[in-house]
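The structure appears right after this line, and notes come after that.
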Amino acid sequence: MTIPTSFEMLKGMHIKDAFLLIAMLYLGYLLCICFYNIYLHPLRHIPGSKLAVMGPYLEFYHEVIRQGQYLWEIEKMHDKYGPIVRVNEREIHIRDSSYYHTIYAAGSRKTNKDAATVGAFDVPNSTAATVDHDQHRARRGYLNPYFSKRSLANLEPTIHERISKLLNRLEQHQNNDDIITLDGIFSALTADVICSRFYGKHFDYLSIPDYHFVVRDGFQGLTKLYHLGRFLPTLVTILKCLPQQIIRLILPNLADLIVMRDEIQANGIAQFTSSQTADSKASALVGALGDKNIPPHERTVARLLDEGTVFLFAGTETTSRTLAVTMFYLLTNPDCLKKLRAELDTLPSTEDYQHSLSTLESLPYLSGVVHEGLRLAFGPITRSARVPMNVDLQYKEYTIPAGTPLSMSTYFVHTDKELYPEPEKFKPERWIQAAEENIPLKKFLTNFSQGSRQCIGISMSFAEMYLTISRVARAYNFELYETTAADLDMTYARIVPYPKEIPGKTEGLGEIRVKIVGKNHSQIEE
């Protein structure tokens, strides 16, 4: 009597039974993985929901199916389990602002970015998507001189010139009795500024009638794909190989990214390949990525396209949204607007209300407005985990093994009642008081992250905030149009926060809409 082999048994099975057997074996495999993650995993001692830690399934449901709502489930976990929780099988989230700078550490500690968070937009050659600590430090070093506070002195006249163009556009809208979105016009401003820094010239997005352009539309569309891209990073890579017409039929949002990359290539490749020198101080593109002292593999077209995509996204939408949110809070808190204008009125009279950045930074109330606007705009609130590679970390009684992804969302830091009493309120005075009492509150403003991977554009963003708010808030009177606090509601965390969709109104973008009702003081010069 012979014993049949497994192959012979499968060969004799009906195809339906074979598929059923394979499905059962796969289910058994998944159950074993879930059992391991819950009871045998090195992080099994960290509190958390068993449903969350068994695998990526709960996170996938809330992030992909519910379009970015896992952050609120994490909030519930913290309420139930405490300040440290496992949010999936491999990542720990901590809700304790005092531990923020341990996670997002500065200095030489080797801290990688979590590889699971960088694949969404398929920009692997960008500095922001660089996982390895040492490679990131090298790539950032190539760009640092072009985004330092000192280098902004050369960019300041360009920012002022673009703000003057913005003020002229506001006058046109006033004359036409238009309703405009502050998000739109501020996006055009910030896109022109970042292009000036990256290419050495801007493309006058402020002249576009409705302020819809590829950078802005691309960012808004692609945030809807962000979480799906995290779970299926090769999806974007594969789809990008298809003809653009087909991509637009399947995923219009991805087509916007392709158009934007084509625009970067058209605007930058010729300049990049023809120069290949470090002589240009105006363009980070030519000056940094064209420097012959940089290794050749870091001076490629792929690097240009990926770096350009991230720069335009990050340098446009986060700052423009912060400007719009700050103006919303000034308009809904008229006493704050009155105090700000009174402080600005103490400055010497100048054409178009132009003052140097150094002068504006010395004004305590304006500084409070800028920082409070940043706090309540939040910036990116999705988790951006860091991975300490060579050392175990200790949080209270819990040892966290080296190689474990750790995160803390900006949302929890900016709403920490111990740091910010009445965190839902717009109170510029809290920053003045903190400065007078030598409280390092600015350490806990985390829109730009902290540590060795802090946003390289932080100084430029602050410059745009100071220069723009000081002139726009002083020059014109605005009325909000069909815009309430509900438009700032945070329902979906798709990189940045988005409110619930309101059909026929904001389409889930939460844009700040206004009507210009007059000039505040003297006529603005053309």
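Quick reminder: no glycine exception, Cβ is built from N, Cα and C everywhere.
Per Swiss-Prot, these features apply:
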BINDING   Cys455  heme binding site
CARBOHYD  Asn125  N-linked glycosylation site
CARBOHYD  Asn447  N-linked glycosylation site
CARBOHYD  Asn520  N-linked glycosylation site
TRANSMEM  18-38  transmembrane segment
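Comparing Cα positions, Asn125 (N-linked glycosylation site) lies closest to Cys455 out of the recorded positions Asn447, Cys455, Asn520. Each of the glycosylation sites Asn125, Asn447, Asn520 was scored by the other Cβ atoms within 10 Å of its Cβ; the lowest score goes to Asn520. Cα of the residue listed as 'heme binding site' to Cα of Asn520 (N-linked glycosylation site): a distance of 35 Å. Around Cys455 (heme binding site), taking its Cβ as the centre, 19 other Cβ atoms fall within 10 Å, counting all chains. Counting in whole angstrom, Asn520 (N-linked glycosylation site) lies 31 from Asn447 (N-linked glycosylation site) by their C-alpha atoms. Following the DSSP three-state reduction, the secondary structure of Asn520 (N-linked glycosylation site) is coil.
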